[in-house]
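**Student:** Below is one structure. I have some questions about it.
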Amino acid sequence: MAMRSGFLDRRPVLVGLVFLGGCLGTLIRSVIAHAWPSRADGVPWGTLAINLVGAFVLATLLELLVHAGPDRGVRRAVRLCIGTGLLGGFTTYSALTVEAGQRVMSGQWLWGIAYLLTSVAAGALLAWVVIAAVRCVMGKRSS
């Protein structure tokens, strides 16, 4: 006897949620990028901010979902729509590599490499801090 899955566990629905989230995330990123354009001679603050906000929100979301229970039903739908879709479309590591590469190709190789490494390291550190903070808060709530 096959297990009956809920509406939100159906693959086409999940793919659609990723697509919708991705469209919305890309739209939000585009609005921010146009409002805060990168300059060739300075730090691309818009891209850096987008990626750090994305790392913060994704780490928070995933850690909260881990504490909420198994990855199925609404939790899976939220993870895929917001985590994979929206934040996948919102963050822009392709712009990060293009901006770093442009600096390297223009002779500012140290600046380009430093920007790339700093961005990735800052995102990873931010995610680690957020995960630790959520675990601390969630641990206190379950006590």
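Any Cβ shown, glycine's included, is placed from N, Cα and C.
Straight from Swiss-Prot, here's the annotation block:
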- G88, T91: Na(+) binding site (BINDING)
- 13-33: transmembrane segment (TRANSMEM)
- 42-62: transmembrane segment (TRANSMEM)
- 80-100: transmembrane segment (TRANSMEM)
- 111-131: transmembrane segment (TRANSMEM)
**Student:** Highest Cβ count within 10 Å among the binding-site residues G88, T91: which residue is it?
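**Tutor:** Counting Cβ neighbours within 10 Å, the top one is T91.
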**Student:** For the transmembrane segment (13-33) against the transmembrane segment (80-100), do we get 3 or more Cβ-Cβ pairs below 8 Å once near-sequence pairs (under 6 apart) are dropped?
**Tutor:** yes
**Student:** Taking a Cβ cut-off under 8 Å, which residues six or more beyond the ends of the transmembrane segment (42-62) line up next to it in the same chain?
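**Tutor:** Tertiary neighbours of the transmembrane segment (42-62) are 29, 32-33, 35-36, 78-79, 82-83, 87, 90-93, 95-96, 99, 115, 119, 122-124, 126-128, 130-131, 134.
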**Student:** Going along the chain, which residues at least six beyond the ends of the transmembrane segment (111-131) come within the CB cut-off of under 8 Å?
**Tutor:** 43-44, 47-48, 51-52, 54-56, 58-60, 63, 96-97, 99-104
